[in-house]
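Over in Swiss-Prot, the protein carries these features:
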type	residues	note
DOMAIN	5-71	domain 'J'
ZN_FING	149-231	zinc finger
REPEAT	162-169	repeat 'CXXCXGXG motif'
BINDING	162, 165, 219, 222	Zn(2+) 1 binding site
REPEAT	179-186	repeat 'CXXCXGXG motif'
BINDING	179, 182, 205, 208	Zn(2+) 2 binding site
REPEAT	205-212	repeat 'CXXCXGXG motif'
REPEAT	219-226	repeat 'CXXCXGXG motif'
């Protein structure tokens with residue numbers, strides 16, 4: 001399987017700042033959100049998952065550092081099963097091929113001697129305190145609440161610290177004992193004789209993860225992970241002016257960490273449920289208003305029911321033209337950061353009747369004569 005380039009997925013350079021990565025992520029999830037791509041939803045869902053995966057790695061300094069160094073995050077590189085070998089060090093591919101005919105043992109040992117066991121380093125990290133994973137959730141926010149802001153209760157599943165063992169993964173009272181495989185050293189050393197001589201293979205003990213100790217008895221509640229899955233509820237504040245695709249970070253509300261590591265964060269992706277009477281462009285609101293041709297000539301007043309429930313009376317000046325825009329300043333959506341409101345824009349649509357009554361037609365002909373217009377006299 002080809003290795004994914006997370007920088008390419010987000011469209012940022014390898015030295016991009018966290019803010020640049022965050023901005024790129026926000027733009028891409030807006031573009032590829034499945035609910036905004038009904039015609040190619042399957043492709044959008046795949047893209048959306050790729051974007052989330054890339055952001056999860058590049059937004060975490062520890063994961064990003066590992067990805068930059070090795071080309072992957074986790075114990076096993078993406079192409080480990082395909083014979084690609086040293087995934088993060090393409091320049092050594094030819095050197096690895098020289099030894100591949102000697103068997104897996106010699107091949108692995110040679111690389112361990114010269115470059116160390118990369119997989120070991122990732123295992124050691126897992127035994128140290130590690131921050132919990134972030135959680136992403138999408139919530140629907142009614143368009144009306146964009147004006148005032150709101151607080152939304154959210155329930156979701158997350159991993160929390162096991163209360164029985166206090167996150168240790170060990171049954172209380174049993175403690176830790178010396179690892180029988182590495183005898184408490186955290187390192188396993190093997191010597192093998194080959195036609196090249198004695199080759200020493202040293203690697204981190206995979207039974208204790210390099211700590212030299214194992215649980216005397218594994219916690220029966222969490223199975224040794226130190227975490228248990230629970231239903232969690234949190235109140236999330238949605239600020240006024242929030243837009244579709246906005247991501248709100250709630251610190252410390254993600255999954256519990258490992259071995260005393262802190263909680264990850266909760267990322268709330270906002271999806272605005274539409275309003276059929278208004279169109280939003282930035283912080284401006286646009287609404288089409290139909291008026292009679294007589295109202296267009298003489299001027300009129302219209303009452304607009306705003307999304308927040310208020311009724312706004314707007315004066316339409318005499319002589320307004322079809323397609324003209326009437327601006328009502330400061331009646332749009334509030335800016336999420338400054339609080340300053342956009343404008344309400346009324347697009348005028350003048351309704352010209354196809355048929356009029358006899359009396360109305362007679363009056364119109366009189367007006368036409370006053371204006372010196374030659375009109376059809378036929379009934």
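Just so you know, glycine gets a Cβ as well, placed from its N, Cα and C.
A map of Swiss-Prot features onto the structure.
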residue: 162; record: Zn(2+) 1 binding site; DSSP (3 states): coil
residue: 179; record: Zn(2+) 2 binding site; DSSP (3 states): coil
residue: 205; record: Zn(2+) 2 binding site; DSSP (3 states): coil
residue: 219; record: Zn(2+) 1 binding site; DSSP (3 states): coil
If I restrict to non-local contacts, at least six residues apart, and a C-beta distance under 8 angstroms, what lies near residue 179 (Zn(2+) 2 binding site) in its own chain?
186, 205, 207, 208, 211, 212, 213, 214
Looking only at the repeat 'CXXCXGXG motif' (219-226), what is the mean pLDDT?
89
Short question: most Cβ pairs under 8 Å with the repeat 'CXXCXGXG motif' (162-169), which of 179-186, 205-212, 219-226?
219-226
Could you tally the C-beta atoms, other than its own, that fall within 10 angstroms of the C-beta of residue 208 (Zn(2+) 2 binding site)?
24
The repeat 'CXXCXGXG motif' (179-186): which same-chain residues, six or more beyond its ends, come within Cβ distance under 8 Å?
204-205, 207-208, 210-214
Roughly how many Å lie between the Cα atoms of residue 165 (Zn(2+) 1 binding site) and residue 182 (Zn(2+) 2 binding site), rounded to a whole value?
25
Across all the protein chains here, work out how many other Cβ atoms are within 10 Å of the Cβ of residue 205 (Zn(2+) 2 binding site).
22
What count of other C-beta atoms do you get within 10 angstroms of the C-beta of residue 162 (Zn(2+) 1 binding site), across all chains shown?
20
List, in sequence order, the residues of the same chain other than 162, 165, 219, 222 whose Cβ lies within 8 Å of the centroid of the Cβ atoms of the recorded Zn(2+) 1 site.
164, 166, 167, 168, 169, 170, 171, 220, 221, 223, 224, 225, 226, 227, 228
